[in-house]
């Protein structure tokens, strides 16, 4: 097997649609984020959603806590292209209202929106409009009786909570849903998802909730989601960070990219640097990451500071640079080229080569489609 292929065999699951994005089945694992603006501030919320679209978010969730927020949601929905999930708790009327306004998915827990009549109203509405539901179980808001039964959040408690909500939807013959069982503790979340994956065929929405700030939260999410994804568990994911939501999307794609599950944009392979480096690897990588954020074409680019590991990494890269005194070696598809890069102009030259390679690939695809 090529090192560029993922050996992971995904769990079989039912496919549902969130707007025009398939979730589950053979669909690519989608990356989500959530706005952190006041939903009633339409201008700020739309701006944030568009910034998430630009970095590749497949789906965006918006909290809708009030009827005023529901009215704002209507205006927001008209101004963005990405599918929107409405996050709703307690008031079933809000769910009915955003359904009128074209919501692409409802994030609710059927058991906390009222009596059976209210649940039926929401489920029937979702059926009529073909709107999927996400059951979102969270260790921080576990039902009181389950807290008393288990003493604390446990994998069995989260599983029981999830299946309780699943049973409610089953009673109404509603199958268009996905489920999450999130926790801030990696082991708790991972084991909860493992148990749930054995019990249902619906898609699973992965996340380590309240993971923390940008650095610690990214690490915690990478560990937890990496374990699950490597076992084939998971159909869509959201990285929860106390940071700019744009970072959540970037980290989500980086996790998928690291497991060769879904590649998007440039995968930079760069050495941590030492006294042997002949080029400023750190400055080069940082500059190119910023300059090439608009590139969506998957591509491996190695930037190694010296000839110890540089040639070997270049062999398995689309483009590679090996640092050398004044003029650095350049590799294309693992083959060393006669052309060399002036170290003083390395960033500009490598950016030009990458963009030329992207254009070449796009042209080839267009010709093949004729």
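These residue numbers are counts, starting from 1, taken along the chain as shown.
Yeah, the Cβs are placed from backbone N, Cα and C, and that goes for glycine too.
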Need one residue: from 293, 313, the one Swiss-Prot lists with 271, 274, 306 for [4Fe-4S] cluster.
313
Around residue 306 ([4Fe-4S] cluster binding site), which residues of its chain at least 6 apart sit with Cβ under 8 Å of its Cβ?
271, 276, 277, 278, 322, 323, 324
Could you say whether, by DSSP, residue 274 ([4Fe-4S] cluster binding site) belongs to a helix, a strand or a coil region?
coil
For the [4Fe-4S] cluster site given as 271, 274, 306, 313, which other residues of the same chain have their Cβ within 8 Å of the site's Cβ centre?
272, 273, 276, 277, 281, 304, 305, 308, 309, 310, 323
Far apart in sequence but close in space: which same-chain residues, 6 or more away, have a Cβ under 8 Å from residue 313 ([4Fe-4S] cluster binding site)?
269, 302, 304, 320
Counting other Cβ atoms within 10 Å, pick out the least crowded of the binding-site residues 271, 274.
274
